[in-house]
């Protein structure tokens, strides 16, 4: 017996599936999850550039300085710059003679 005859059987002169009309909760849950997965995948492909560009560039901002006095903001900037300047000494400059 072939796989085709085990899965699909002729019903009233039509081809149908044995699982039609199944009220098994597992089948219903799997169908819902499958449909939601398909919808989310399609949205992801359509909005790929918008979504990932937002994550890539939108989240690279520094900590919020809202409500922080200007003097503390300037001090923070100096600390960040001095950390960058200190790290520059790590690299060796090789100059051709």
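Even glycines carry a Cβ here, placed using N, Cα and C.
Not measured: the values here are computed from a predicted model.
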Inset, instruction - Give the range, chosen from 2-22, 23-43, that Swiss-Prot lists as transmembrane segment. - result: 23-43
Legend entry - Neighbour tally for residue 82 (phosphoserine), based on other Cβ positions within 10 Å of its Cβ: 10
